[in-house]
């Protein structure tokens, strides 16, 4: 939908009615004071930036334009990008089938449906709203419950808020490994109605409630693994549930900006944004599949994910593109970390109900979400088990031959 006239521009005048009287003898002047709308610095493509009002941000989004809001994170990526770093290396073959396949049998649709019914019951999860704050609090408590049910706190597994100034906090769960090298899985918790974000309902069942419950189910099952939950695997694992993705990847930028400054060793980041809608694929006469994004991602990590899908999922993948800054993986990429993104289908056949009051559970397939949960579970376990130092040394040795 591409309306030519902005609804908010008609409803919300930008002029203040305040006047100031100045007196100099018999001389009186009345000066209308114009209230300047707050401006935000956005990046629409690499190096292409502009200053816009918040309403102009939503107008761009209504017209299908994605962007980083870099107002608070102008330096993101400058540290790591300035360093000479070897290309990321990932296993050419999978090795954890004996551990992973029993875990996949534990994944279930019922917990995902229960969680999504609750998550979509908030009027909106708009990141500046009280509902957005409440939904983040609920998510934190639910992740804490998941950890407690697995008795994983005793191994140092924990969850905490990553606080933001706008009210809705991001949520990060950590499963310690033998090293500080970290595998990240992400999804975004906020929803938005692009016509009146502060007022209209935004159930956000698919965008990105589906990604939230998919990753939450993967976490539940992974914590049943004594090897992973007990910290016996090579690498640390983090699950991220980002705030304010819809506002320009604000939450994920804040997190990866912090990680960059801390010189965190993030080996891989996988984003799960929209995992449940298949109807347009079926209507087009095409087979059910997952969409592997191939633009603005790490090529080696993306190839690795294809092997994971081939080995552990029951449906194939299709290659597809989503453009610049299309979801939170872009923040990891900009910070210099290898990232990838898998969506529910070919991008052109993805959910057309998003960002409206109609993004509802009734349009989604929990069987399809289960395929994303399988991929996520396998991705985490395989990479958590990978000795990256050994892999990188072997790769360097081969390149010197």
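Going from the start of the chain as shown, residues are counted 1 onward.
Backbone N, Cα and C define each Cβ position, glycine as well.
Cβ contacts within 10 Å of residue 188 (Zn(2+) 1 binding site), excluding its own Cβ and spanning all protein chains shown: 31. Annotation comment: Swiss-Prot describes 188, 207, 273 as Zn(2+) 1 binding site, evidence class similarity to another entry.
Look at Swiss-Prot and you will find 207, 246, 355 tagged as Zn(2+) 2 binding site. Listed in sequence order, 191, 273, 274, 351, 354, 355, 359 are the same-chain residues at least 6 apart in sequence whose CB falls under 8 Å from the CB of residue 207 (Zn(2+) 1 binding site).
Taken from Swiss-Prot, the feature disulfide bond applies to 322-326. Sequence-distant neighbours of residue 326 (disulfide bond) (same chain, 6+ residues apart, CB-CB distance under 8 A): 66, 293, 296, 341.
Long-range C-beta contacts of residue 144 (N-linked glycosylation site), restricted to its own chain and to partners at least six residues apart, with a cutoff below 8 Å, comprise 159. The N-linked glycosylation site annotation in Swiss-Prot covers 144 (among others) and is backed by sequence analysis.
DSSP assigns residue 393 (N-linked glycosylation site) to a helix. Annotated N-linked glycosylation site per Swiss-Prot: 393 (among others), in sequence order, evidence recorded as sequence analysis.
According to Swiss-Prot, the signal peptide annotation covers 1-17, on the basis of sequence analysis.
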Query raised in the report: Other residues with Cβ within 8 Å of the Cβ centroid of 207, 246, 355 at the Zn(2+) 2 site?
Result: 61, 190, 191, 192, 194, 202, 204, 208, 245, 354, 359
Report task. Calculate the distance in Å between the alpha carbons (Cα) of residue 188 (Zn(2+) 1 binding site) and residue 246 (Zn(2+) 2 binding site), and round it to a whole number. Result -> 9
Query raised in the report: Which whole-number value in Å describes the distance between the Cα atoms of residue 246 (Zn(2+) 2 binding site) and residue 393 (N-linked glycosylation site)?
Result: 40
Query raised in the report: Just checking, which of 246, 273, 355 (binding-site residues) has the fewest C-beta atoms within 10 Å of its C-beta?
Result: 355
Report summary line: Rounding to whole Å, the Cα atoms of residue 322 (disulfide bond) and residue 393 (N-linked glycosylation site) are apart by 34
Requested in this report: Starting from the Cβ centroid of 188, 207, 273, the recorded Zn(2+) 1 site, name every other residue in that chain with its Cβ within 8 Å, sequence order please.
Outcome: 187, 204, 208, 211, 245, 246, 274, 327, 328
Report task. Around the Cβ of residue 322 (disulfide bond), how many other Cβ atoms lie within 10 Å? Please give the count over every shown protein chain. Result -> 22
